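Take a look at the structure set out below.
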Amino acid sequence: MTTTAQRTYNPGKGVGEPVGIAILGHGTVGREVVRLMHEYSEDFTQRIGGPLELKGVAVSDKEKHRGTLAEDLLTDDAMSLIERDDVDLVVEVIGGIDYPRKLVLAALKAGKSVITANKALVAAHAAELSEAADAANVDLYFEAAVAAAIPVVGPLRRSLAGDQIESVSGIVNGTTNFILDAMDSTGANYDDMLAEATALGYAEADPTADVEGYDAASKAAILASLAFHTRVTADDVYCEGITNITSQDIEAAKKAGYTIKLLAICEKLTDAEGKKSISARVHPTLIPREHPLASVSKSFNAIFVEAEAAGRLMFYGNGAGGNPTASAVLGDIVGAARNKVHGGRAPGDSTYANLPIADFGEVPTRYHIDMEVIDRTGVLAEIASRFSAEGISLRTVRQEEAGENARLIVVTHTALESDLARTVSQLQESEIVKSVNSVIRLEGE
Ligand code: HSE
């Protein structure tokens with residue numbers, strides 16, 4: 001656990017003193033950070049209290065970047081750059097986990113404040129990084145790790161620090177939102193819309209981390225940690241991507257008044273005995289078309305927070321891209337640089353609540369189940385009895401013709417994951433059910 005009492009006060013370099021900065025990585029984000037730092041250098045000096053001085057940019061292949069930056073700023077020796085005495089802040093915009101982890105730890109140990117945009121790194125190693133920052137009495141900022149330009153880490157860490165957060169749900173992956181939104185508005189299938197997302201530059205050449213939900217799971221871990229003052233890693237997040245979502249699912253959702261979004265859902269749960277726990281999950285989710293998150297189109301992101309005193313808040317904007325990510329990185333640079341000049345340090349991670357992570361089977365939600373069943377007398381009653389045997393109450397049942405069979409679309413009231421999973425597996429084995437085509441969770445009502 002981190003406590004401010006353990007820290008010694010950092011008196012600061014003094015107003016007017018320069019703040020040396022090293023940037024690790026010169027891709028889309030790194031280049032924008034350098035450009036904006038240069039273009040608005042006078043503003044940065046005023047906002048910080050001293051000039052920001054770029055001391056170097058570390059890249060893996062100098063040849064590739066030749067001509068994009070003054071020759072004496074480029075280096076392929078990241079470690080030596082980090083260790084320079086005139087470097088006060090290190091910005092990590094490389095990506096990956098193992099190599100940046102080594103560099104970030106080295107920077108923190110050397111007394112440099114660190115700004116990282118690396119969600120996978122923070123979601124996997126926040127505890128270790130945070131301890132290293134505490135030990136060295138320096139800042140560790142990562143606003144850009146969640147939803148790029150959208151300020152949500154800062155609000156959770158600072159503005160909402162006096163409130164009790166009940167849930168944080170959001171669309172935190174632009175690629176999948178683009179694909180699902182395009183499927184919803186055109187009726188096209190997943191493969192075609194993934195191809196379009198790739199052609200337009202939204203999806204990476206290897207889209208696995210986005211479409212399988214891993215990228216969103218890292219962000220969910222970071223959001224849940226901040227919201228619930230508890231250490232949550234990406235491994236604690238249940239994760240299901242969008243690759244199985246069909247145009248039939250989208251169509252059925254539409255008919256019933258819903259849209260399908262890949263949501264990261266972080267909630268505080270309270271059981272019958274009043275014991276609290278945390279659930280963090282990422283999966284395709286039906287939400288009512290009038291829900292604020294339903295109107296988030298294209299590759300935009302939005303995060304919906306429910307807190308006891310604040311009520312409902314929504315943060316909306318660009319969740320990816322060089323410029324929006326650079327905006328968040330630069331905001332963190334200003335924060336960390338101010339502390340270097342004026343002294344002090346931002347509050348570190350707060351994990352005092354240390355709530356347990358709920359077993360996924362104990363998570364309550366509603367479900368939209370699409371299945372094909374034999375069309376004969378008594379089948380509907382038999383299916384309803386399978387649900388009621390597991391204590392699951394049905395909210396609506398819709399039947400459509402499906403050749404010689406019937407298509408049944410069942411929406412349940414709130415039920416536990418474990419009860420629903422048992423019911424679905426029994427239905428799949430039953431001779432009256434030809435196939436369970438999809439089971440999609442439903443939220444937001
Ligand atoms: N690939 C992510 C997205 C952005 O599509 O939103 C970086 O996390």
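Yeah, the Cβs are placed from backbone N, Cα and C, and that goes for glycine too.
Residues or ranges marked as NADPH binding site by TrEMBL: K119. What TrEMBL records for E204 is L-homoserine binding site. The active site, proton donor annotation in TrEMBL covers K219. Marked as domain 'ACT' by TrEMBL: 368-441.
Everything TrEMBL records as a feature, shown here on the structure.
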| residue | record | DSSP (3 states) |
| --- | --- | --- |
| K119 | NADPH binding site | helix |
| E204 | L-homoserine binding site | coil |
| K219 | active site, proton donor | helix |
Task = Mind telling me which of the recorded positions K119, K219 has the densest Cβ neighbourhood, counting other Cβ atoms within 10 Å?
result = K219
Query = E204 (L-homoserine binding site) to the residue listed as 'active site, proton donor': how many Å between their Cα atoms?
reply = 18
Query = In angstrom units, rounded to an integer, how far apart are the Cα atoms of the residue listed as 'NADPH binding site' and K219 (active site, proton donor)?
reply = 6
Across the domain 'ACT' (368-441), average pLDDT on the 0 to 100 scale = 96
